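For reference, TrEMBL has these:
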{"type": "BINDING", "residues": "A:ARG95, A:LYS135, A:140-146, A:170-173, A:GLU178, A:HIS201, A:256-257", "note": "ATP binding site"}
{"type": "DOMAIN", "residues": "A:99-286", "note": "domain 'ATP-grasp'"}
There are 2 protein chains.
Amino acid sequence: MKIGVLGAGQLGRMLALAGYPLANRFTFLDTTGHPSVGIGDVMIDTDQRHLDSFLASVDLVTYEFEHLPVSLVQAIEAERPVYPSSEAIRVCQNRAEEKALFDRLSIPTPAYRLVESAEALEAAARELGTPVVAKSVTEGYDGKGQAVLRDPTDAAEAWQRINHPRLIVESFVDFVREVSIIAVRGQDGQVVFYPMAENVHVDGILRYSLAPMPDLDEAVQHCADGYIRALLDELDYVGVLTLELFQCADGSLLANEMAPRVHNSGHWTMDGAVTSQFENHLRAIQGLPLGDTEALAPTCMVNVIGREPDSAEVLAIKHAHLHRYDKSERAGRKLGHINLVADNHAELLDKVRACAALVPDAPEVRFSFERG
Amino acid sequence: MKIGVLGAGQLGRMLALAGYPLANRFTFLDTTGHPSVGIGDVMIDTDQRHLDSFLASVDLVTYEFEHLPVSLVQAIEAERPVYPSSEAIRVCQNRAEEKALFDRLSIPTPAYRLVESAEALEAAARELGTPVVAKSVTEGYDGKGQAVLRDPTDAAEAWQRINHPRLIVESFVDFVREVSIIAVRGQDGQVVFYPMAENVHVDGILRYSLAPMPDLDEAVQHCADGYIRALLDELDYVGVLTLELFQCADGSLLANEMAPRVHNSGHWTMDGAVTSQFENHLRAIQGLPLGDTEALAPTCMVNVIGREPDSAEVLAIKHAHLHRYDKSERAGRKLGHINLVADNHAELLDKVRACAALVPDAPEVRFSFERG
C-alpha cells in the first residue's frame, strides 16, 4: 500500500516508521519548502504543480497537519481516498465550527462568544467575566494567535495584536488538569480508545504527557470515550482523532479543542501501549483491524523543545526511549521526545525528574496526582 | 551520525527503523545487485567502484551479512571505524576458525573433524560414528552446503554434492532443543545479555523463536552468558553477537555456530524486550550506553517464509506485531515475521497455534517445555 501524506514533519516521520513493518511505502507532499521528515519520498510542492505526480504515486492519502486549504483536500478526495475526510479538516481548522459541533453533540465546553470587532470583544469579556482568552478562529497552533484579557478594557490591544477578523472568546476554566483522549475509528466504524493522558503545557507548548493517570476515575474515562465517539461517528471519521479537555475539580470534563490526526499527547503510546497511535492510524486508514490500545505500564513523554539533550545521558536512564526528529535546533521547535516507562508511578516520577534535569529548559512539573 | 551498512536486506531495514529515532542516517552498500532494504540511501556496487563514495557518505560502518570478503572489510577499516571488526567476520565466516576459537576458549562443541577429501570424510564418519553432518567450512547459510551421512559409505556422494575443498564433519548431538544467546558489547567493554531463546528450525530455516523459556534453569543462562562473554572479550567485539547452541538432556550446552550481527532468533526483542537487538547494536557501535535487555512478557516470533499471510487476519490477533520486509514472494525466502506477546506461556502457545494457522506452510511446533 502506497500512502501519501500531506505534510512532511515529525508526525509523518513517525507514521512512516510505524508503517514500514506493514509494508507501506510513503510519499510526503510538503507545501512549506522545509520538509523535515527525513524518510520516504518527499515532494516539495509550494505551488500545487506536483499534485498530479503525487496522486499518481499513492493509493490513499492522509495528513499530519490540518491547516491545509479545504479545497485542496477536496480536490484530492476526487482522485484518491482521503482519511480522515476533508470535512474533518474543515471543522477542526476552525474554532467556531468546532465549538458548534461540540454544542450540537452536547459535549460541554467553556462558555464562549464569537466576536468580529474590538467592541464586541470588550462586550463579550464583560459578559463572560474576566479573565477571558481570545483566539483567532483559524490558524491557531501552539499558542499563536491568542491573547488573555485580564480586564474588558484590554480588548482593543488584544484585538490589534491577534489581528484576525473573527475571534472566539472563552471564559477561563478553573481546571485541575489538562487531559486528552485519543481514539481510533476504522473503516467499518469500530472505535478503540486509549487511556487518557494528563498533559502539561508551558506557553502553549506541550512539555509532558503522562498515561495512564493513577487517580483517574473510570467514569471520567468513559465520559471522554463517549464524547470522542460522538465526534467520530458524527464525522464518519476514519483514523486517529484527538480531543483535548480540561478536567475540573468535580471531575467533569470540558472540551477544549480537537485535532484530526496523531497527536503529541499520544506519543507515549509508542512505548507505553500495545499498539502505537501511529500504527493504529495506519491500520484504520487501510481497513485493517485496529490494534489493542491497552497501556503496558505507566509512561511519561517528555518533549524536547529548542535544544537537544545529550543522547548518551538520556539513554543511560533505564527504560528510556529516545525519539529524535533529526531537526536542527531552534527556539521553540519540537526536536524530539523521550518516553519513560516504569513499573509504577512513584518510579516513573523519579525518572521524569532525572530526565528533566538532562533536557535543556525542561520546566519543573507536578502532576495532578502528586498534589493529592 | 551517518551509518554505513554492508548489505541491504531485511536486517539492515530493521536496523534503520531502530536508528531513525536516534537521529541516525543510513547508507547501504549492496554487492548483490538485489537490495530489498527499501529505506535509506542504497548504493548498488557489484564491482567495488562506488566504495569511495560510500565511505565519503558515512561516519562508521557495520554490516548485516558476514559473508563478505575480509580484504574488503579490512580496506574499509583503514578509512572508517568498522564494528564489529573484520577479525570477527574472518572468524565467523569460517567454521574451522570458529571451532578453533570455541576450543581455545573451552566452549564445548559437538565432536568434529576437518577433512579435505572424500576418503578423509569417510574415515571421519567412521571415527565419530554415524550419523554425522558434513558442512563446507565457508559460505554456509540457512542449511546450504550441508549433507547428512547416515553411513560412512555415503561419503563419496556427500563430498561431490557439497563440492567444497574443506569440510567440517560433526557428530550428531542428541539435543533436547536448539537455543541461542544474544549479547551486546559496548565500546567500553560493557556486556549485556538477552534472555535465551528456544529456536525451531525446519530444513535449516528458522521458523519459531520463543523467549524467555519458562523451563530454563538460571544456571544454564549464566553458562551461556559466560560462553558468549568469552567470545566477545576475546574478539574485542563491539555490537550484537549471536551464539547458537544445542541444549542436551542434562541441561548442558554445546556451541553450534555464531553470527557477528543481529540475528533472526533475536527478532522477538523488537516487541518482547525493553530494548531491541537492533537498537542495542546501534547504541553499541556509536558508543552510547547499552539498553536494558529484560523481557517484557513471554514472546514468540513466527517467521514468514516464501508466501505471505493475510495481514488483516494476523493483525486481528491481540498483541500480534507484524513485521513485513516488503519483498516479493519466492519459495524459501524470508518475507517477514510476526511477534506474538502474551501474559503467560499458555496464552502464548494459543496465539502461536492461531498464528501458525494463518501463515502459509508454517510447520507444526511443539516447544521443549510442552513436552514436559
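Glycine residues also receive a Cβ, built from the backbone N, Cα and C atoms like all the rest.
TrEMBL feature annotations superimposed on the structure.
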residue  : record           : contacts (Cβ under 8 Å, 6+ apart)
A:GLU170 : ATP binding site : A:THR109, A:PRO110, A:ALA111, A:TYR112, A:LEU128, A:VAL132, A:VAL133, A:ALA134, A:LYS135
A:VAL173 : ATP binding site : A:PRO110, A:PHE246, A:CYS248, A:LEU254
A:ASN256 : ATP binding site : A:THR109, A:PRO110, A:GLU178, A:GLU244, A:LEU245, A:PHE246
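The Cβ neighbour count for A:ARG95 (ATP binding site), using a 10 Å radius over every protein chain in view, is 23.
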